[in-house]
Amino acid sequence: MKFAIESISKNSGRLGQLRIKDGGPDFKTPLLLQTTKGGSIPWLSADVFESHVSQKPQVLQFTLSTMDHMTEALTHWNSGGGRGLSDYVGLPGHLNILMLRDPCETTPSGGNDRDILPLFTRRGKESLSSERYMEMVASFKPDFYEGLCDADTNLESAKKRIQKSVDRTEKFMHYIYEHRGKVNSTLLAPIVGGYNTFARTQSIKHAREQPAGSYGGYIFEGFHTNGLSATTLDTSKLLPIVEHCVKQLEEDKPRLMPGAYTPLTILELIRQGIDMFDSSYAYCASLNFKALTFSFVQDAVEHAPFLDITDEAIKEDFTPPLSNCSCLTCQKHTRAYLHHLYKTNELLGPILLIVHNLHHYMAFFEKIRESVARDELPRLTEFVRNQNGKTQVDYSIAANTKVISKAAMGKGFAAAAV
């Protein structure tokens with residue numbers, strides 16, 4: 001992995017260029033990773049993604065918690081001359097990272113043991129040792145992967161739990177560092193420690209004590225429990241910890257923070273020096289029937305962060321979900337149609353939502369890179385913060401609790417959600 005900084009400023013963070021493997025494409029940072037579930041971009045086939053979302057090479061974020069059942073098949077695939085993990089899941093031409101936890105779903109707490117990390121999968125809880133983890137990484141052969149770590153911490157975690165997470169991570173990583181040479185993939189060193197600056201420093205110190213070339217970048221874990229919890233983080237508590245950590249890291253290695261952080265939080269983290277994020281926020285919005293409508297192109301109009309597809313007020317609204325959006329959903333369909341698809345529980349509903357949300361979110365990152373290059377990130381941040389309104393916009397995502405009963409529909413589809 002090669003990472004080169006093109007520009008850096010105190011106010012706008014840094015603009016970089018990342019080459020994950022020799023001969024591969026270069027990616028501009030800040031970079032958006034494409035979140036997957038079970039090896040697939042949620043609701044989308046490869047053809048739909050590449051024809052209606054993006055034709056450019058992407059970095060796919062694979063998670064062991066949703067793909068652990070593929071280990072045996074991947075062992076045979078790669079031993080037989082398979083072309084790699086992305087080809088196996090039907091997304092050739094894209095690079096990939098293997099991570100432990102699904103950022104889209106809440107990770108249960110507990111189940112920690114001295115030498116074992118709990119991995120919560122679709123089949124239940126699996127026990128993951130350092131040895132077993134490296135065997136699975138060798139089977140998957142990702143382009144780069146996350147080091148094994150105990151990230152079971154959040155803002156409410158006690159000091160004892162935080163210290164255990166750091167100590168256990170050091171023990172896991174001691175084995176990983178010793179045996180990483182058996183895997184032809186780049187390692188990301190995990191930085192854990194909750195919201196405790198001393199614990200974070202200890203975790204960073206352990207990583208930086210390793211010989212040169214032991215890892216290619218950093219991944220920050222342990223700030224939240226994934227899922228919607230990342231959309232409600234208190235940035236006044238988060239940002240000082242991130243700033244404390246970044247000051248202790250060398251500049252020539254990329255930094256990743258997985259999770260469904262809000263657009264505003266992402267802008268503030270970029271200003272702190274974080275380089276990579278994932279698209280789980282767009283997925284969480286789609287899952288809860290919300291179309292992203294926040295604006296990042298400055299104008300004089302007040303904007304809302306979301307369009308609630310479940311809202312009865314749009315059932316006769318025949319305007320696009322977002323005006324001036326060039327995605328398939330907004331060019332071909334209306335708000336009323338999306339509401340109809342929701343009411344009838346049609347699969348096309350989430351497909352159209354994720355097409356729009358990914359298109360919008362990827363355009364947002366294009367705007368971010370443009371703003372960083374011009375040293376105008378603070379201006380963009382303030383616009384995203386208020387959306388031309390008088391107060392700060394709430395970008396947190398609430399779980400959709402509306403349920404449509406088929407029995408209540410009768411012979412038509414006019415039943416209200418309950």
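For all residues, glycine too, the Cβ spot is worked out from N, Cα and C.
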| note | Zn(2+) site partner of CYS325, CYS327, CYS330 according to Swiss-Prot, chosen from HIS224, HIS244, HIS356, is HIS356
| Neighbours of CYS325, CYS327, CYS330, HIS356 excl. site residues, C-beta within 8 Å of centre, Zn(2+) | PRO320, PRO321, LEU322, SER326, LEU328, THR329, GLN331, VAL355, HIS359, HIS360
| Which residues does CYS325 (Zn(2+) binding site) neighbour through Cβ under 8 Å, counting only same-chain ones at least six apart? | GLN331, HIS356, HIS359, HIS360
| note | Listed in sequence order, the residues of the same chain lying six or more positions from CYS330 (Zn(2+) binding site) whose CB sits under 8 Å from its CB are PRO320, PRO321, LEU322, SER323, HIS356
